[in-house]
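Here the structure comes first, spelled out in structure tokens, and everything after it is commentary.
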Amino acid sequence: MITDKYSTFLRAGFGGILAGVGLSQGGILLMPLAIAFLWSSSRFPLAGSIWGAVAVLISHRWLLALHPLMWMGVSQPFSLFITISIWLFCGLLGAFLSALWCWLGRLNFLVDARNGCFKRKFLYAFVLSACWGLGENVLAQSPLLWVGISSSLLPGDRLLAGLSSWFGSSGLTTVQFLVGWWLWQTGILFKSQNNWQRFFSFGLAALVFAHLFGWALLEKEIFSSSKAVAIWQSAIPTREKFSIDQLRRLPFSLEQALKEANVLGASFMVAPEGTLPIGQELLSPAQIPLLSGGFRADKGNQRSSLLVFKKDQTTFTDFVDKYRLVPLGEWIPPLPGLSIPGLSSIGGIEPGESSRLLIWDGPPIAVAICYEITNGNGLSKAVKDGAQWILAIANLDPYPISLQKQFLALAQMRSIESARDLITVSNTGPSTMISADGSITPVIPPFKQKVGLASLHFSEKITPYVRWGEKPLIVFLIAGIFGLFFLEPKA
């Protein structure tokens, strides 16, 4: 028994490694195996916590690039302590949530189903899979989730990701967990030589059908209109962003970028998150409209926003504020005797309204500022309210390319869910054009300062996910729970 428990912990740790690498590099093959190891360890919440901790620590290792913070006046030892503490806290949170999921599987009615007939076993797997998927959706609307299981499919498996236009990332996560359960059960049947070929073949056929269905759902519509859009990747190191030299150089760099965009024939230009400091005006009236990340003052508070500069204007006229703030980086909860604005270069900022819809002179936009790209629910509401395309702005410096890959996978998921073209523009990358079917067209190489041009299409189509959100999955979950209670338990 003790040996079995130790082997379970080893399987959980190995599965966590696979999950961490899959979430970092794309897990088209690794993630199903990782989830299979999680299922095999789910009897023990402690083993589940090992899986979650290892997965998060590996997939979030880019956090270590936060060090050094000496440019903010923090000593090197304390900077290292802060960085490692944030990274370990994320690992502990992953451990807790995975253990909670395993504990849920130990509820009496689920344990009975796990040991019952095939129908009850499948309902057991579906209920727990849907709980994980919906749990990620809830966390995505809070500051506690960056990257979820569903995004590990991208960019490798765009066909299966097509299912998200009906079921969202929650439904896609549910499917991935069912695939992992199928692999786990196939392994058990193979070990006992109990007709495993039939079970494996049935699951493989279902997986092929899911890919064909996802391919059929990918957006193939001919859009009503399109525009040429300029993207300015500023490539300004965050640690130098607010130096006197950079602040002096910025207005001239922006002026030059707008001139290049106009020469390229762009209808308007977009610039990354946090490009403009508070009160920054253009040196001369904009030759074309500008959508730029920046900061604005509001009733004594600082907000990070997308600012709209109309043509022939030097000051912004419209804006949408960042709603979902980065914990510790942009916002620290008030604690007795502690007054720290935040660990980022901008200190503390205040959140804006939850709506991600921006109405301006051009086609309406669903706006995601950095961390908000995780929240598919918020962007789908903006699309439902009339957004015809999605703009995701960010500043991912000083973090490595692995974070850019995760950001891009999340952006692909948002594009497929809503069947909208999506532009990403970040300080150091990724700056890309993502079509409504999730296909990516790189515009500017990472870490290079440049103005690039993208062809952006607009749509008014509403996908089933945008229309209904998570409601269908919730209905299926409730039906599955009722099925477990009313389906006759047979061995």
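Keep in mind that glycine also has a Cβ here, set from the backbone N, Cα and C atoms.
The following features are taken from TrEMBL:
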DOMAIN    232-458  domain 'CN hydrolase'
TRANSMEM  12-39  transmembrane segment
TRANSMEM  46-66  transmembrane segment
TRANSMEM  78-101  transmembrane segment
TRANSMEM  122-140  transmembrane segment
TRANSMEM  160-184  transmembrane segment
TRANSMEM  196-218  transmembrane segment
Cβ contacts the transmembrane segment (160-184)/the transmembrane segment (12-39), at least three under 8 Å, sequence gap 6 or more: yes
Other parts of the chain folded back onto the transmembrane segment (12-39), taken as Cβ under 8 Å at six or more residues beyond its ends: 47-48, 50-59, 61, 98, 125, 147, 149, 151-157, 176-177, 179-181, 183-184, 187, 402, 405-406, 409
Sequence-remote partners of the transmembrane segment (78-101) [C-beta within less than 8 Å, at least six residues beyond its ends]: 38, 42, 45-46, 48-57, 60-61, 63-64, 66-70, 128, 131-132, 135, 139, 144, 328, 343
Intrachain neighbours beyond the transmembrane segment (196-218), with Cβ under 8 angstroms and 6 or more residues off its ends: 157-163, 165-166, 175, 179, 182, 185-186, 189-190, 416, 437-438
